Amino acid sequence: MAEHFKQVIRCPVCLKDLEEAVQLKCGYVCCLQCLNSLQKEPDGEGLLCRFCSVVSQKDDIKPKYKLRALVSIIKELEPKLKSVLTMNPRMRKFQVDMTFDVDTANNYLIISEDLRSFRSGDLSQNRKEQAERFDTALCVLGTPRFTSGRHYWEVDVGTSQVWDVGVCKESVNRQGKIELSSEHGFLTVGCRQGKVFAASSVPMTPLWVGPQLHRVGIFLDVGMRSISFYNVSDGC
C-alpha cells in the first residue's frame, strides 16, 4: 500500500517525486521541470494540458506548496513507514473488539443486534435525540474510545461502492452537514464508485490500492499520533 500511495506524489510525466509541484488552470499537476515539456498553444504562450487541452497562461500556473510539503514529509517518514508496514502480521496482538455505538448512529442507519454491522434504510429508527448522535450525516462511531496506547481493528466494507472509515476526535461536530477532513477532526479513507481516496484531505486524494478492497485494517498509535490503513483483502 505504501508503494501505491507513493504514486500519488509522483509527477505523471517524469514519475519523480513532486518536490516542485505546480498546478495548471484545469487542476492538472506536474513538476516544475516537466512544465516546459507541455505543448504550447498555437500562436500563443499558453500551455496545453496533455489530458484535457485546456490552455493555461503564465498567471494561471500556481505552485502547490502544500503538496510540496507533503512530499517532503513522506520522504522523511518513508523509512519509518516501511518499518511499520513490515509489522502488519504482528499488529494483530493489538487487535481490539469493536462494536458500533447506537447512541451516535444516524436515525437512518439500521444497526444489527450484535452491534457489528449496519446498513442504511429508508425509514427513521426514531431513536431519541441527543448531542452524541449524527442528525444529518449517515455516520456512526465505534466503541470503545481510545485515549492512549496502540490499537488495531478491521472493518469489512464488502462490495459497497460508497463508504468512509477511520477515526475522529470525540469533539467532532455531529449536527448538520459535516466534512470528513482532518481540519474538522476526522482522519479517514473512503470509496466513491469503486475508487479509494484519502477522504480526510481536501480535495480528496486518490489512493492506488488493489483492484478489490473488501476489508480495511486500521492501526492507531495514540502516543505517536499516527494512523495507518491496510488493504487486508490482499494482505497489503
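Backbone N, Cα and C define each Cβ position, glycine as well.
Curation plays no part in TrEMBL annotations; they are all automatic predictions.
It should be emphasised that the depicted structure is a prediction, and the values quoted were computed from it without experimental measurement.
What TrEMBL records for 11-53 is domain 'RING-type'. Remote same-chain residues near the domain 'RING-type' (11-53) are listed as 60-64, 67-68, 71-72, 75 (criterion: CB distance under 8 Å, separation of at least six residues from the stretch ends).
Taken from TrEMBL, the feature domain 'B30.2/SPRY' covers 78-236. Mean predicted confidence for the domain 'B30.2/SPRY' (78-236): the pLDDT average there is 87.
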